[in-house]
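This report refers to the structure that appears directly beneath it.
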Amino acid sequence: MFNIFIPLCGIFSQEILLHLFSAFTLISTLNSFEKWIFPETRPLWFLREQFANKVVVEKPAVALESHQLSCEMTGGLPCAHSMTFTVFVLILASFFFVRCWDRSEAWRSPFCRCIMYFLIIGMVVCMWLSRLYLATEFLHQCILGSYLGIRALSTFEGNVKYLFSRPRRYAVSAVCFLGGLALSVYYVKLELNIDPHWSVREAFKWCPEPTYLRHEVGPIFALVRDLGNLMGLALASPLYKL
């Protein structure tokens with residue numbers, strides 16, 4: 001998303017580029033914090049552990065294979081792919097529909113709205129099915145990811161003028177606070193005898209091919225990446241001047 005689709009959208013409109021990058025950065029940070037604070041296993045890890053411990057004796061006829069897309073290194077709740085893809089589709093559909101609404105009266109009919117809603121729902125459901133097929137997320141993780149993405153995007157859209165008008169010092173202070181919060185969670189987990197790197201250990205344990213594991217999808221790397229993106233936005237504040 002960050003490397004290909006968002007820059008391509010920026011070719012057509014600087015407004016949509018800023019909107020997409022800001023929304024994606026905030027929602028990706030929210031997702032990283034949720035995975036960091038509330039750990040939950042993935043289907044691939046869960047099933048292989050059940051088979052290894054002889055809890056489930058009869059193995060399915062379909063082989064439970066691993067490849068580059070299924071060897072994730074973070075927890076499964078909420079599904080980051082569902083969360084970000086839902087936000088991406090909703091933002092693009094909103095901009096596209098508003099443009100067509102202004103240029104043609106045909107797009108103002110209830111029929112066109114229904115078609116757009118069905119297309120959005122269909123694409124999101126296809127995303128869910130792809131994650132279920134790869135055994136990387138449970139269904140409830142996909143649904144919750146899309147729901148949280150919609151709620152977070154709704155909150156962002158309702159406060160976008162306020163967020164874009166914040167002075168630089170307030171924005172930088174907020175990012176520093178989030179960094180301190182992430183660090184505090186790390187030490188709280190250590191005090192509670194909870195392994196902060198449990199998901200990385202699970203990934204190395206149940207992924208048969210270590211070369212499939214990517215450091216850029218690790219929980220700490222994801223947090224640092226998202227907080228770095230947020231700091232970039234904070235240093236560019238107030239964003240309404242861009």
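Heads up, the Cβ atoms here are built off N, Cα and C, so glycines get one too.
So that you can see what the record holds, here are the features copied from TrEMBL:
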type	residues	note
DOMAIN	16-157	domain 'Phosphatidic acid phosphatase type 2/haloperoxidase'
TRANSMEM	83-102	transmembrane segment
TRANSMEM	114-132	transmembrane segment
TRANSMEM	170-188	transmembrane segment
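Within the chain, the transmembrane segment (170-188) has long-range Cβ neighbours (under 8 A, six or more residues past its boundaries) at 29, 33, 36-37, 196, 223, 227, 230-231, 233-235, 237.
Across the domain 'Phosphatidic acid phosphatase type 2/haloperoxidase' (16-157), DSSP helix (H, G, I), strand (E, B) and coil residues number 103 helix, 0 strand, 39 coil.
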